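Lifted from TrEMBL, the feature list:
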type: DOMAIN; residues: 20-483; note: domain 'Major facilitator superfamily (MFS) profile'
type: TRANSMEM; residues: 12-33; note: transmembrane segment
type: TRANSMEM; residues: 68-90; note: transmembrane segment
type: TRANSMEM; residues: 102-120; note: transmembrane segment
type: TRANSMEM; residues: 126-149; note: transmembrane segment
type: TRANSMEM; residues: 161-184; note: transmembrane segment
type: TRANSMEM; residues: 190-212; note: transmembrane segment
type: TRANSMEM; residues: 277-300; note: transmembrane segment
type: TRANSMEM; residues: 312-333; note: transmembrane segment
type: TRANSMEM; residues: 340-363; note: transmembrane segment
type: TRANSMEM; residues: 369-396; note: transmembrane segment
Amino acid sequence: MENMEAGKKKKGVTCYLLYCITTAVIGSLQFGYNTGVINAPEQKLRRFFQNVSMDRYGEPFSSGTNTMVWSFAVAIFSVGGMVGSLSVGVMVDRFGRRKSMLLANVLALLGGTLMGLSSLCKSFEMVIIGRLVIGVFCGLCTGLTPMYVGELAPTHLRGAFGTLHQLGVVIGILVAQVFGLEFLLGSDSLWPLLLSLTAIPAVVQSIMLPFCPESPRYLLISLNQEEEARKALVRLRGCEDVSDDIQEMKEEGMKMGMEKKVTIPELFRSPAYRQPIIIAIILQLSQQLSGINAVFYYSTGIFDTAGVTQPIYATIGAGVVNTLFTVVSLFLVERAGRRTLHLIGLAGMAVSALLMTISLSLVKTNPSLSYLAIVAVFAFVASFEMGPGPIPWFIVAELFSQGPRPAAMAVAGCSNWTANFLVGLGFPKLEVGSSSSSYPSYYRHICICIKINLQASKLNDLDWHHYKTKTSDKLYSLGCVTL
């Protein structure tokens, strides 16, 4: 009997399911690529801004103005991400999951075109507007991809498949780091091509998406198209018997039909939703306030301070470690549990941040500590990808039922982008005075996140599926659902 059940579970993974998941994760790769691509051509872009100023006004920008324009071009990406993430709920409710991803690709094409033509048109404004548009696109991707993947994946593999979003992100960052090398696309003449390459995955995904089904959950629960949902599930699961999936969705749809319409303010007002949305926000903040983006944005400088002769290659090495440990978490997340991996990752990051602070502070007097600094950076990145990196993205879809899910994804995504923006804005100020002085701040943030996670998620190994069911049932007793 157990063997029959195991065989039935294995039928849940098909080539068609993998095709659909891979297609969706192209959006994650886009997010990672556009996060990392702006760092390599920094000096080239600054020179471009100066050249545009000379052509227009007969004199270059002052150092302060040039830095301000550059900072604006970098930060506007996160502003666009906030707008995009808050728009996820509206888009998926109106257009569905698949069509929303198709429409989002229009923004990727527009943003890539603007940045690619900026040098030809001698307009730094096109770079800034392009970054804003790409930010909106990436903000949509951070909500659409985990939602679509989570609703397509079999329940017993939802965590493993959810990790693929983060895998796409880190692969995108690594690709951007490699393409940004001086002898590839990081030169004065080719940086517009480097920035505009984001249009190619958008075209590829747009070609592949029509062969993917709409989310069966959306078809059945939101559109009441049971036959279409059944057909999609048969193709995705590779077997005719999808009655368990249909029954699960019907039960969720029945509960959703009895719920009042869930808006973003209601997520915080309703006692049933308040705790899970707070947990979702804390998980997103723990990801960004851990300092991972600061390490990646300034990793070349960190390795340079540590005495590495070719710091750019060490940075790429960190990107490889980033990718490898995301793959490791893919296999561990269903076995070790969400809570365990998340807390182990945060603890590892705290220790690594402390080692970075010590080694970078003393490396001038003791050059051998440069090796410790390199190991600490690699360990920091590896610990991040064990839990704090992938888990926050897909856990929101597991915490909420179909009704509040779009609003919850929007709030969680906006929290992540806001924290990302604040880290990018605040790190240079924290860095003033010492290249390593900021890491105690991140060490404190990580320790706070560990404490909050321990208090906020008093669940046995974060059995999120059980918690979601428990939360949905709790609605009846609180009067949020009427019979």
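Each Cβ is built from the backbone N, Cα and C atoms, and glycine gets one as well.
Quantities reported herein were computed from a predicted structural model and do not represent experimental measurements.
Among residues of the same chain six or more beyond the transmembrane segment (102-120), those with a C-beta under 8 A of the stretch's C-beta atoms are 27, 30, 48, 91, 95, 126-127, 129-134, 136-137, 140-141, 144, 191-193, 195-199, 201-203, 205-206, 209. Within the same chain, the transmembrane segment (369-396) stays apart from the transmembrane segment (68-90): fewer than three Cβ pairs sit under 8 Å, each pair at least 6 residues apart. Remote same-chain partners of the transmembrane segment (161-184), defined as residues 6 or more beyond its termini with a Cβ less than 8 Å from a stretch Cβ, comprise 21, 25-37, 39-41, 145-146, 149-150, 152-153, 190, 194, 197, 296, 312, 315-316, 319-320, 322-323, 326-327, 329-330, 333, 385, 389-391, 393-395, 397-398. Two recorded stretches are said to be in contact when at least 3 C-beta pairs lie under 8 angstroms, sequence spacing 6 or more; the transmembrane segment (190-212) and the transmembrane segment (68-90) fall short of this definition.
Across all of the domain 'Major facilitator superfamily (MFS) profile' (20-483), the predicted model scores a mean pLDDT of 80. Beyond the ends of the transmembrane segment (126-149), by six or more residues, the same chain brings 21, 24-25, 27-28, 30-31, 34-35, 38, 45, 48, 69, 72-74, 76-89, 91-92, 97-98, 100-101, 104-105, 107-108, 110-115, 117-118, 161-162, 164-165, 168, 195, 198, 215, 393-394, 396-397, 405-406, 409-410, 413, 416-417 to within a C-beta distance below 8 angstroms of the stretch.
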